[in-house]
Amino acid sequence: MNCLRTIALSLSLFLLGLIGPIQAQLQMNFYANTCPNAEKIVQDFVSNHVSNAPSLAAALLRMHFHDCFVRGCDGSVLINSTSGNAEKDATPNLTVRGFGFIDAIKSVLEAQCPGIVSCADIIALASRDAVVFTGGPTWSVPTGRRDGRISNASEALANIPPPTSNFTNLQTLFANQGLDLRDLVLLSGAHTIGVSHCSSFTNRLYNFTGRGDQDPALDSQYAANLKSRKCPSLNDNTTIVEMDPGSRKTFDLSYYQLVLKRRGLFQSDSALTTNPTTLQNINQILKGSVESFFSEFAKSMEKMGRINLKTGSAGVVRRQCSIANS
């Protein structure tokens, strides 16, 4: 009898262990009962502002990417540090924009539903809505993420793929997050919108191997144009350049066409052509329709949005996104 009780107890604990994680997962309309208008508030705020600042779509998408690659999608990229060692102080995040925009959305939500909607969910929702309002793809954003309270510059530097990445580095950093080569190619497609600072790629123009040379993988005519019209020196840290020239406001296939023409702005763009699998993926995308690309991009965004989730008691809901213990 005691043996049977022990077995029953063990089985019960096992089942609870299975049920727990399931209940803790994200779900669509997570705030339906606790803050019914949460997603509409985010959507309305985005639509009211993105029309006047369309570049916000690329900025918020980049923020979401950088947030998820460090400790998962937990809003830790938003945290300020008085000692200068938070994620936003790391080199990859020095040019990230949109922090004030997320804070503004949070303020509206806090007034409506205090302490309910996480900063992590706001980033996920706002980045999707901003892309949609600029004519880009939509994707499902299940909610219920909790915020983290730890934000380290060193972890951002170690985990966010830099624009100078070669293929091996890209493959490793994406695999570390559970993302495969198809995801790498599709998520790189976000470079179809937005701009970059010269400092992210001038080494390709002026000092690729440390000998004052140019990256041979970069189209020479494109390089000459960048040198003469955009980035006249290696030390230019302020000038911005379109990542997808002539099409930076349109979410389309132009980025992939440029990559095959050796006109991808970053070394990481060029790196996609150095591996047969990623090169094949690019060609497959270009043979398909924009709608097909949108659908595939959406799947990779949904996958990225689930990296290292904090749900339930594993995280908190920060009342102020920029303050770890708020």
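Cβ atoms are placed via backbone N, Cα and C, with glycine included.
Record features, source TrEMBL:
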type: SIGNAL; residues: 1-24; note: signal peptide
type: DOMAIN; residues: 25-325; note: domain 'Plant heme peroxidase family profile'
type: DISULFID; residues: CYS35-CYS113; note: disulfide bond
type: SITE; residues: ARG62; note: site 'Transition state stabilizer'
type: ACT_SITE; residues: HIS66; note: active site, proton acceptor
type: BINDING; residues: ASP67, VAL70, GLY72, ASP74, SER76, GLU87; note: Ca(2+) 1 binding site
type: DISULFID; residues: CYS68-CYS73; note: disulfide bond
type: DISULFID; residues: CYS119-CYS321; note: disulfide bond
type: BINDING; residues: PRO161; note: substrate binding site
type: BINDING; residues: HIS191; note: heme b binding site
type: DISULFID; residues: CYS198-CYS231; note: disulfide bond
Cα distance (Å, whole number) from ASP74 (Ca(2+) 1 binding site) to CYS68 (disulfide bond): 7
Neighbour tally for PRO161 (substrate binding site), based on other Cβ positions within 10 Å of its Cβ: 23
Of CYS73, CYS119, HIS191, CYS198, i.e. the recorded positions, those within 10 Å of ASP67 (Ca(2+) 1 binding site) when Cα atoms are compared: CYS73
Within the predicted model, mean pLDDT of the domain 'Plant heme peroxidase family profile' (25-325): 96
Sparsest Cβ surroundings (other CB atoms within 10 Å) among the recorded positions CYS35, VAL70, CYS198: CYS35
Fewest-neighbour residue among disulfide-bonded residues, criterion Cβ within 10 Å, set CYS73, CYS119, CYS231: CYS231
Number of Cβ atoms other than its own within 10 Å, given for the residue listed as 'active site, proton acceptor': 22
Proximal but sequence-remote residues of the same chain as the residue listed as 'heme b binding site' (Cβ under 8 Å, at least 6 apart): MET243, ASP244, TYR255, GLY264, LEU265, PHE266, ASP269
Among CYS35, CYS231, CYS321, which are recorded as disulfide-bonded residues, the nearest neighbour of VAL70 (Ca(2+) 1 binding site) by Cα: CYS321
Cα-Cα distance linking CYS231 (disulfide bond) and GLU87 (Ca(2+) 1 binding site), given in Å to the nearest integer: 27
ASP67, VAL70, GLY72, ASP74, SER76, GLU87 excluded, remaining Cβ within 8 Å of their centroid (Ca(2+) 1): HIS66, CYS68, PHE69, ARG71, CYS73, GLY75, VAL77, ALA120, GLY148, SER151
